[in-house]
Amino acid sequence: MSGHRLQDALETLKSTRVRMTPQRHAILEFLFESMTHPTADDIYKALEGRFPNMSVATVYNNLRVFKEAGIVRELTYGDSSSRFDSVTSDHYHVICNECGKIVDFHYPGLDEVETLAEHVTGFKVLNHRMEINGICPDCQTKAKQH
Ligand SMILES: [Zn+2]
Ligand SMILES: [Zn+2]
């Protein structure tokens, strides 16, 4: 499944004339296979063994290129570093308060919220983000063992 989406992303990049390099390919592959919403730093750590000349800044710049091409989404969290999502269709996130893991889940889009927000505030609404916080199954198990 992830192989299919990766292939689509590669096609999209080709059509936007983004030059494919081994580094870019590896970053994309990691993003699409891990499904963990990694930070640029996570990706850097996972790939530095294969690309000794790569820096976190390089990873970040590549992610920006992917974002502009519309194949990844950036999730910003205030002052902490951004996480990157290879699923660009609408979905919601549940976040573990203990380990910070982000898991996707699907729920009918809450379009009414946008309409209402537009109505009440006069904003031109572009999108919305809903996040559920909790403790993931792994962390629940860990807590029980202590
Ligand atoms: Zn957790
Ligand atoms: Zn996601």
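Every residue gets a Cβ built from N, Cα and C, even glycine.
Annotation comment: TrEMBL describes Cys96, Cys99, Cys136, Cys139 as Zn(2+) binding site. Summarising the annotation, TrEMBL assigns Fe cation binding site to His128.
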Q. Cβ-Cβ under 8 Å from Cys96 (Zn(2+) binding site), same chain, 6 or more residues apart: which ones?
A. Ile102, Val103, Asn133, Gly134, Ile135, Cys136, Asp138, Cys139
Q. So which of Cys96, His128, Cys139, listed as binding-site residues, have a Cβ under 6 Å from an atom of ligand 1?
A. Cys96, Cys139
(Q) I want to check the contact list for the residue listed as 'Fe cation binding site': same chain, sequence separation of six or more, C-beta distance under 8 angstroms. What comes out? (A) Leu110, Val113, Glu114, Ala117
Q: Using all protein chains shown, find which of the binding-site residues Cys99, Cys136, Cys139 scores highest when you count other CB atoms within 10 A of its CB.
A: Cys136
Q.
Other than Cys96, Cys99, Cys136, Cys139 themselves, what residues in this chain have Cβ atoms within 8 Å of the centroid of the Zn(2+) site's Cβ atoms?
A. Asn97, Glu98, Gly100, Lys101, Ile135, Pro137, Asp138, Gln140
(Q) Checking proximity to ligand 2 here: which binding-site residues out of Cys96, Cys99, Cys139 have their Cβ closer than 6 Å to it? (A) none
